[in-house]
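*Asks:* I grabbed these lines from TrEMBL:
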type    : residues                               : note
BINDING : A:GLU178, A:ALA179, A:VAL380, A:GLU574 : FAD binding site
BINDING : A:PHE486                               : substrate binding site
DOMAIN  : A:158-597                              : domain 'Amine oxidase'
Number of protein chains: 2
Amino acid sequence: MGSHIDILDLSNTSKVYHALATITAPNARLVHVSGQAGTTKSGYVPADYESQIHLALLNLRRVIVASGATVKDIAKLTVYIVNYDPQTRKHARPIQRFLGGHRPAMTLVPVSQLAVPAWLFEVDALIACPPPAQSIPRALTSGPGAENYDVVIIGAGLAGLTAAHELSRAGLSCVVLEARDRVGGKTWSQPMASGRSILELGAGWINDVNQTRMIGLARRFGLELIEQNTSGNCAIQDLDGSTSAFAYGEIPKFDFASVEDVMRIRDTTEADCQAVDIFNPKDTRLDSMTFEAYLRSNNASEKALWTATVWTRAMLGVDPCDLSALFFLNYCKSGGGLLQMRSDRKGGGQHLRIRQGTQTFSKKLAETLVPNTVRLNTAVKQVRQEGSSVDVITEVGSVYRARKVITTVPSPVLKTISFEPTLHPLKLAWSESANYGYYSKAMMVFKTPFWIPKGFCGLAQSFTGPAAVVRDSCSPADEGYALTCFMCGPPAQEWAALPQPERQEKLLTQLGALFKAEDTIKQEFVEMVMYEWSNDELAGYGCPCAHLTPGVLDSLGPNALREPTGNLHFAGTETAGEWKGYMEGAVQSGERAAKEIVDDLKSGLAARL
Amino acid sequence: MGSHIDILDLSNTSKVYHALATITAPNARLVHVSGQAGTTKSGYVPADYESQIHLALLNLRRVIVASGATVKDIAKLTVYIVNYDPQTRKHARPIQRFLGGHRPAMTLVPVSQLAVPAWLFEVDALIACPPPAQSIPRALTSGPGAENYDVVIIGAGLAGLTAAHELSRAGLSCVVLEARDRVGGKTWSQPMASGRSILELGAGWINDVNQTRMIGLARRFGLELIEQNTSGNCAIQDLDGSTSAFAYGEIPKFDFASVEDVMRIRDTTEADCQAVDIFNPKDTRLDSMTFEAYLRSNNASEKALWTATVWTRAMLGVDPCDLSALFFLNYCKSGGGLLQMRSDRKGGGQHLRIRQGTQTFSKKLAETLVPNTVRLNTAVKQVRQEGSSVDVITEVGSVYRARKVITTVPSPVLKTISFEPTLHPLKLAWSESANYGYYSKAMMVFKTPFWIPKGFCGLAQSFTGPAAVVRDSCSPADEGYALTCFMCGPPAQEWAALPQPERQEKLLTQLGALFKAEDTIKQEFVEMVMYEWSNDELAGYGCPCAHLTPGVLDSLGPNALREPTGNLHFAGTETAGEWKGYMEGAVQSGERAAKEIVDDLKSGLAARL
């Protein structure tokens, strides 16, 4: 709702995330926001500055959502900072992430205090709201061409296809609308250039202990399992770039005190995570603070902080300062705990791969449906509830009318669909608040698994990056040898900005150092295949799962995303209780949404509040 | 010119006087106000923070008035505070009173200093102005039905009726338009339920020494006088709730130092008040500060501050921090000085009551006028000057055309009438600035004057409230016994918010304690009759007289309210030189306005600038 003014010779533009000025349109409705401080809904104020920044920005976001605007409509931000430190500028990162590329006019005001002694950060804003959106007139869209189903499902990933399968079993008709030209969503299996074996651009691992749905599907579809290699040493790259080896399941060979502290922090995190309710995480204090503030409140050493940074980077593409402690603990809990979720062994999150590729799950599920149930290249633009029916309107104006709709899109994508009546404010605020870190996968294909003879299992972690975590992804039966590099968090983001040859060079250098193969790695190297989920619009620009900043769970309620509203039901891996961010969670969420609908339609409760 | 955004579950709303955000309409004219500091018109800066707040808000108000807006059009306020103390939050009360219930978006910014070293407070604002008001087309209102008079008088209180009387004596025709269904304005006499004697819901006292007009009217109309009882002790209630007795005219039995200091402050105030010009109070320093700042600058002890609080509460319904020192001193001077104005004895403000009720003055005055001169239930909506005539248009569209108009409405009511051309900016700013404190009267009727046998005269004062001052209001000849309780200032406002039974209970408890009648007061009690002038729209929501915050007299000029503009003349007790806020002042103001008109019309100067 406006435009920017920039002066071209502005120095240092790369670090500037605000405009010199913004212009609001003459017909803009202006919203003048009171100073928002970093307090939770109940008024609790976390002790640390960064957590307060997140909460203040969330409070600002809630006002923005309540006024019918979005972050993109912010014309001017003024931030007030107590004890401002120009060296660290800790406000910059959360604000930058909050703005998501939008550049308002901005003024920073260091102050000696704020209205309440505990407040360290306050933000006020001017918002220029667009005029109310014009919907497509019903007469133009709901002609005789409308197709009628019991249920329209948006998204042909594992959640959507599972739901379609379950609804069909219950005798309900459905259609699955998929914007991509393929099924599978964030599972996407592509062959190596050599054709030897599959590379997983998306989700890669399941297990046969506590992922009963996935192992069931694998068996049902006759898929072959590849057990993750955990024989041999793991590699670790310290902050100074030096590398060393340690046995799988142990702590890297830091000094004694650091090892003790990493173990203490790991165990504390595990214990606190186990205490969190999996479906209903509620803890105002834990949700008011970032995971970094949580770690620091537990007196984590620098080594422990960096170890935890590898966790959050590899699991969500973010640093501990970027997300709510409660969110992270609940995310771990959904995978059975920090240790189980991070484990490559029996029952762990990364135990078994699928020789045929994980996208096969979706392909096979789609084949079980009535022909023409899945419509590819069919992007949804609008969802309109009226009385007891819902019209789902595509970008090209086709109309699918149903009694119920399931959306399986990631929460950040929800805000891109036009809902009528508008999406419930809590869901809208969640969609606006949920965000991805930087997360890509780079598969490095080699002629031989050269790390095995050197005594490595292929698992590595790095405090420096560009890869935060590396895992063996070989298919020995196919003679396909690869290392999957998890390119996560800020170092990976810098790396991704480089030209392709430099990216490849840097990653090979890192892998050579990690696996003591500096001399030979270039001869071993075949190809690099990478996919930047952070550029994938339909995924909401990220992978594997959106995270939440402090205050969202507490102020919107832990189930705000999952709960149905009217005839809309919500699935997708992040709505799952167990194994959020994993394929198992996606399938569970599809089953749950289908069950809600079957129960509703069977009991005649076609319309919920 | 906008709306508010609230998030409903926002906690602590009771203490919040700003909105989370405000929305301005797309067609609003926006006024961006520079930081306004607490300086007088000449640049003088009072030393204390609270006085500066009042001045800064006045300066903001002047910008608002100059831009054709009102306080209700403020979209956003930003306040900058030096040496901010989150414990006292002294800005809150003046801003709350300034906003008068309006809730803009707001940010508070504590700063280490402001542009000028002496500045302790600054406020800037964004105002969203309404489009220019549409007036009623002249063709629709000035048809053949218009009644023609020499003078239209707005308001049938003592000022308006006196003016009508004087104009008639001078041979001019006039009509008096009264919005209420009765004459008398802020005099309103009602019988006790028993019918025994009159209770004064409004003004109650005159004297026969320096209120020559009132005693003259009483004699002319044959009204009977009741002398205020000052035999016996007065009662005082200290801050801790304890009560004691002291002789009328003396200082309560505080410790010796406090008694000395109360006397010193009383005498200093009296002396400074006597030095103020009654008609033309000018003293930038005294007008720049609150009365509290004045008292503190004289090193008043806590007891003296509380004693002075009883003065301002009982006289104007406000605390010393709420009003200009110069205004208060001039107000006292108008009644002959602090001591005389507060005195119940010969020549004092509360010496004589009227057995038939003070409203009789107005009733009798109305009877002396040509029949049908007073039109009740006739609220004025618009006053339109054109050439040498003025049209006064009522709410139902009737038009009264005259050569001159006298308005007698209280200054806060002026802004509710639509003037064309608009009211002079100084008058408008005065009307916007003038405000009432909280002021109600509660008459407690008893079977006997039980306080007399206990040695009390019935006069009491309290530092705690709910009643700030109590006075005997008996009519022995009618066997009607009552105590009039002046319910003034913040404690009374809290009391007024209670349900009726609790109000009664609390007041009886207070009176029982004051007059040592805890055991018997409930048996003596007959009825409570109260009237909340603070809810009376036609009085401008208050009584007996509007007060001014620091800077108004100095920046607008002491006579800005009184002076005629064009063919408009201004009367009412607050425009009087002598006995402002009293019946004597009202009558004097009516005489003065009538004389202005008689002089003008006689000399042919029908139109002033």
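Cβ atoms here come from the backbone N, Cα and C positions, even for glycine.
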*Asks:* Applying a 10 Å Cβ distance cut-off over all chains shown, what neighbour count does A:ALA179 (FAD binding site) have?
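*Replies:* The Cβ of A:ALA179 (FAD binding site) has 19 Cβ neighbours within 10 Å.
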*Asks:* Return the average pLDDT for the domain 'Amine oxidase' (A:158-597) as a whole number.
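*Replies:* Looking only at the domain 'Amine oxidase' (A:158-597), pLDDT averages out to 96.
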*Asks:* Return one of helix, strand or coil for A:VAL380 (FAD binding site), based on DSSP.
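*Replies:* The three-state answer is strand.
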*Asks:* Measure from the Cβ of A:GLU178 (FAD binding site) and count the other Cβ atoms within 10 Å, all protein chains considered.
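*Replies:* A:GLU178 (FAD binding site) is surrounded by 27 other Cβ atoms within 10 Å.
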*Asks:* When you measure from the Cβ of A:PHE486 (substrate binding site), how many other Cβ atoms are you left with inside 10 Å?
*Replies:* 25
*Asks:* Between A:VAL380 (FAD binding site) and A:PHE486 (substrate binding site), how far is it from one CA atom to the other, in Å?
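*Replies:* Rounded to a whole number, the Cα-Cα distance is 31 Å.
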*Asks:* Please report the distance from the Cα of A:GLU178 (FAD binding site) to the Cα of the residue listed as 'substrate binding site', rounded to the nearest angstrom.
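*Replies:* Counting only the Cα atoms, the answer is 27 Å.
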*Asks:* By the DSSP assignment reduced to helix, strand and coil, which category contains A:GLU574 (FAD binding site)?
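*Replies:* In the DSSP reduction, A:GLU574 (FAD binding site) maps to helix.
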*Asks:* Under 8 Å Cβ to Cβ from A:GLU574 (FAD binding site), same chain, six or more residues apart: give me those in sequence order, or none if nothing qualifies.
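*Replies:* Listed in sequence order: A:PRO410, A:SER411, A:ALA434, A:CYS545, A:ALA546, A:LEU561, A:LYS580, A:GLY581, A:GLY585.
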*Asks:* In whole Å, how far does the CA atom of A:ALA179 (FAD binding site) lie from that of the residue listed as 'substrate binding site'?
*Replies:* 26
*Asks:* So, three-state DSSP: helix, strand or coil for the residue listed as 'substrate binding site'?
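*Replies:* DSSP call for the residue listed as 'substrate binding site': strand.
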*Asks:* Count the Cβ atoms, other than its own, that fall within 10 Å of the Cβ of A:VAL380 (FAD binding site), considering every protein chain shown.
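*Replies:* Its Cβ shell of radius 10 Å holds 24 other Cβ atoms.
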